[in-house]
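Q: Shown below is the structure under consideration.
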Amino acid sequence: MSGLLGKSSPAKRVDGNNDLPMYYVNPMSVEPQGRPSDTTRVSVTFAEHLMNVEDARNDESASSRALGIASPINSAASSFNSWASAPASSISSSPFVLSFTDLTYSVKIQKKFNPLACCRRSGNDSSVNTKILLNGISGEAREGEMMAVLGASGSGKSTLIDALANRIAKDSLRGSITLNGEVLESSMQKVISAYVMQDDLLFPMLTVEETLMFSAEFRLPRSLSKKKKKARVQALIDQLGLRSAAKTVIGDEGHRGVSGGERRRVSIGNDIIHDPIILFLDEPTSGLDSTSAYMVIKVLQRIAQSGSIVIMSIHQPSYRIMGLLDQLIFLSKGNTVYSGSPTHLPQFFSEFKHPIPENENKTEFALDLIRELEYSTEGTKPLVEFHKQWRAKQAPSYNNNNKRNTNVSSLKEAITASISRGKLVSGATNNNSSNLTPSFQTFANPFWIEMIVIGKRAILNSRRQPELLGMRLGAVMVTGIILATMFTNLDNSPKGAQERLGFFAFAMSTTFYTCAEAIPVFLQERYIFMRETAYNAYRRSSYVLSQSIISIPALIVLSASFAATTFWAVGLDGGANGFFFFYFTILASFWAGSSFVTFLSGVIPNVMLGFTVVVAILAYFLLFSGFFISRDRIPVYWLWFHYISLVKYPYEGVLQNEFQNPTRCFARGVQLFDNSPLGEFPNDVKVNLLKSMSGVLGTNVTAETCVTTGIDILKQQGITDISKWNCLWITVAWGFFFRVLFYFTLLIGSKNKRK
């Protein structure tokens, strides 16, 4: 170790490097606390190791590589192994201790409706049951240790992890949770902790290295150089054992990528990029084979030994995994049936008169016994009571063997010492100021940086899936070709005018229906977004604005393709000016449609239900657009739906663009009788009828007299109150309106907290 660090002590190297990566904590005004001398330290922290690795990389020469001489980077790597395996007790002179006492959480469950029970119900009966998920859970987790919460399905494992991770509303959870004796503020906990969900929520077409780098750009501050961020990512890849998979895409059902165990380690790396003090994990080994599960827990052990508190729920750990765990909590229906070291399990169950047989997995035996008791008459109540007595009996011995508990520093002192040691990854440094205290920012980066990173990640992920845009473009082109061939070169007859109305109605509704693909796209990102915003990786407003901006280029391509395919083939009027208005109306329709569907995808979390709702609502929009029934004939109680129809405004805009020329005629003389029984008579008869009508009307009506202009058609459709440009701007405004609603949906619906 001394050979790697040279003559400088670890603390001196850290304090002397103003570029040392630490998390976004600003040291300000607190009295410096006395720390043990550097000579008492037998381990380097992760940040120190990171600095050494980077220095070694900078010093490595081409000649040493050519001659096969061991390079400084190899020495740094060996230092990493020593650091990773260092005993937890040597890591920190100011340890962190997370304590929780009497945690109780219950939910109200509505009884199923029973008509017979309703008839018999007395006045005191209630239709609501209360289910206790946590019942007086207490415990303590220390820096450098791993605590595992075990139990059968429904025992309360995930609920306890959520409670400790501040994912349950405070007014619903009773009890206390403290770090070094102080209640954690929500804003501080988001900065110094991380939560790894059970599902691996990753962008499929990003590589492992890119995934972690984007996480670094989100969680590490702008003040930290790109070089330092890359160094942190490279060191984390080595720590997670992902070097061989660094350039491999994550993958999904349609794209081959990393293995399940590697995917899980990437998920963990995503959330620990900022080197958190506390790490919560919900069943990190779920769905993995025994080898992959062991590797994941081994990685978590390294993270704990770097100076973190690791708390996880785990279903049924193997014998090898048990050897890595420091503290266990067994739960049964929300009650603690055992808490303590794995080494005390045999003694505990032996005193409970259920000794663990020799050569049997201790956790499997405990879980099987708990399961048997749950189905017995008394349930697990005897075991719960015995555990309370056993803990009370063990308390004096436990306290004597753990006198270090009394030496826990205050939270402020511990965090300040952690910054001094380089534990937290931030742009702040420990200078020689006489007063230092950590000050936490809500977000690591400014708004515009977040927007750039979100957009860059989304574009990179989409660029590697060209089939998504290709399918949308193909659908739009096929629809455009079908319409162009069905409505080729429409004439200016009454039938031609009617066919134009049909073309516009179908064209406008098509633009909205093709936007339905946004539902699975956002739902794929929904839980990634929830995970990242839960710990303030970026602002929700940054996500909404960035996603809105990067969606526009695709909409421009789709709009141009559809407009170019149909406008001249159908024979629409207006020349170049008419074409550009038609194009911008199509673009505005795509914008409004994608915004509307994006908003609904934020409200409805199910793909199939989302498609059903979107298709139904768009059908209603088309029904009330004015094509099937004019505004004047819509019942007054449905008129409001006409005005909120997204199809109404682009439909009326393109109709005005087509029929605004007052000199353009769509019915002359004898064409007046088309679409009526008189239309079957010879032209001579029709001419005589026109002469007779002229005498009655007092106006000469000949076979060439224009009887219906474009303006007349607009009046027949009831399109007289809004200009075509206003229709365009209203359509654009609808798009912005639904984006704002989408933002509030994310703001309200992504709190990641149980009620």
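Each residue's number is its place along the chain shown, starting with 1.
Any Cβ shown, glycine's included, is placed from N, Cα and C.
Annotations per Swiss-Prot:
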type	residues	note
BINDING	G151, A152, S153, G154, S155, G156, K157, S158	ATP binding site
DOMAIN	98-358	domain 'ABC transporter'
DOMAIN	449-659	domain 'ABC transmembrane type-2'
TRANSMEM	468-488	transmembrane segment
TRANSMEM	503-523	transmembrane segment
TRANSMEM	552-572	transmembrane segment
TRANSMEM	579-599	transmembrane segment
TRANSMEM	609-629	transmembrane segment
TRANSMEM	728-748	transmembrane segment
Q: For the recorded ATP site formed by G151, A152, S153, G154, S155, G156, K157, S158, which further same-chain residues have Cβ atoms within 8 Å of the site's Cβ center?
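A: Along the chain, the qualifying residues are T159, S313, L331.
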Q: Among 468-488, 503-523, 552-572, 609-629, 728-748, which stretch has the highest count of C-beta pairs below 8 Å with the transmembrane segment (579-599)?
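A: Ranking 468-488, 503-523, 552-572, 609-629, 728-748 by Cβ pairs under 8 Å to the transmembrane segment (579-599) puts 728-748 first.
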Q: Give me the mean pLDDT over the domain 'ABC transporter' (98-358), rounded to a whole number.
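A: Mean pLDDT, the domain 'ABC transporter' (98-358): 87.
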Q: With pairs closer than 6 in sequence left out, are the transmembrane segment (468-488) and the transmembrane segment (609-629) joined by 3 or more CB pairs under 8 Å?
A: no
Q: Are there residues at least six beyond either end of the transmembrane segment (728-748) with Cβ under 8 Å to its Cβ atoms? List them, or say none.
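A: Sequence-remote neighbours of the transmembrane segment (728-748) are 529, 533, 540-541, 543-544, 548, 581, 584-585, 588-589, 591-592, 594-596, 598-599, 602-603, 646, 649-650, 653, 722.
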Q: Tell me, how many other CB atoms lie within 10 A of the CB of S158 (ATP binding site), whichever protein chain they belong to?
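A: Result for S158 (ATP binding site): 19 other Cβ atoms within 10 Å.
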Q: What else in the chain is close to the transmembrane segment (503-523), if you only count residues 6 or more beyond its ends and a Cβ gap under 8 Å?
A: 468, 471-472, 475-476, 479, 483, 487, 490, 558-559, 562, 566, 570, 586, 589-590, 592-594, 596-598, 600-602, 604-607, 610-611, 614-615, 618, 621-622, 625, 627, 646-647, 650-651, 654-655, 658
Q: Can you tell me which parts of the same chain pack against the transmembrane segment (468-488), counting only residues 6+ beyond its ends and a CB-CB cutoff under 8 A?
A: 462, 499-500, 502-503, 506-507, 510, 514, 517, 521, 554, 557-558, 561-562, 565-566, 569-571
Q: I'd like to know which of these binding-site residues, A152, S153, S155, is least surrounded, judged by other CB atoms within 10 A.
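A: Taking A152, S153, S155 as the binding-site residues, the minimal 10 Å Cβ count falls on S153.
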Q: Can you check what DSSP calls K157 (ATP binding site), collapsed to helix, strand or coil?
A: helix
Q: Please name the residue among the binding-site residues G151, G154 whose C-beta has the most neighbouring C-beta atoms within 10 angstroms.
A: G151
Q: So what sits near G156 (ATP binding site) in its own chain, CB-to-CB under 8 Å and at least six residues off in sequence?
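A: In sequence order, L133, L134, I137, L331, K333, G334 meet the Cβ cut-off.
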Q: Might you list, by sequence position, any residue in that chain lying six or more from K157 (ATP binding site) with a Cβ less than 8 Å away from its Cβ?
A: V149, L150, G151, E283, S313, I314, H315, L331
